[in-house]
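Novice: What follows is a structure written as structure tokens; I'll ask about it next.
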Amino acid sequence: MKEYDYLFKIIVIGDSGTGKSSLLLRFADNTYSESYMSTIGVDFKIKTVKIDNTTIKLQIWDTAGQERFRTITSTYYRGAHGIICVYDVTNKLSFDHITETWLQDIDKYATSNVCKLLIGNKIDLAESRVVSADEAKHVAEQNNMNYIEASAKTDSNVEKAFTTIAKALKDKVTQYPSNAPASTVSLNTASKVPTNRGLTDSCQESSVFKKMNFSSGKCT
């Protein structure tokens, strides 16, 4: 029996302190800690979700937001199928940096039709809020992004956020049903190498991902 139908790489970007790691830990492990330290470098989690009877494995990369790590994290844009931009609704600067920094990085390093999601985190801090939902929705609409407000602390809309981008990716793939590739092999197969569709014996990517202009960076 196949383990999953699709494997997608998603990266989570945004300023340090916006709660990227907390969102990922809440989604992947259902845990939350007030004392979680800022990510140094890059870490990732794997989570399998079921959408419309399709099993999707998400490989989610948690990138460091600090400026000094920007040269490290930029290498992870290539091959990403989806990108989640996170800002803190109580921190206007983190929101401004979405357009001033992070979306510019996406344009520079990611594929042109990568799926994007904007998350306004920390909505549990309503009294300290400085970024309105309307402001964020405007930015999302201008940049062809879905928008969701969430709280890693209270677990509000966290699963919805990640499943939203997973569904968007699945819908992109299934736009080309006649070219849909066969089911992928297990991640535990040591002899395999990673590609956009999962793992394969050779550096050959499926035609559906070529149509989507996705490159894993392994077959160049």
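Using the three backbone atoms N, Cα and C, a Cβ is placed for every residue, glycine included.
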Novice: Checking feature assignment: motif 'Effector region' per Swiss-Prot, candidates 36-44, 81-89. Which range matches?
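Specialist: Of 36-44, 81-89, Swiss-Prot gives motif 'Effector region' for 36-44.
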Novice: Taking DSSP as the reference, which of helix, strand or coil describes Thr63 (GTP binding site)?
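Specialist: In three-state terms, Thr63 (GTP binding site) counts as strand.
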Novice: Can you tell which of Gly14, Gly17 has the most other C-beta atoms within 10 Å, given these are the binding-site residues?
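Specialist: Buried the deepest by this measure is Gly14.
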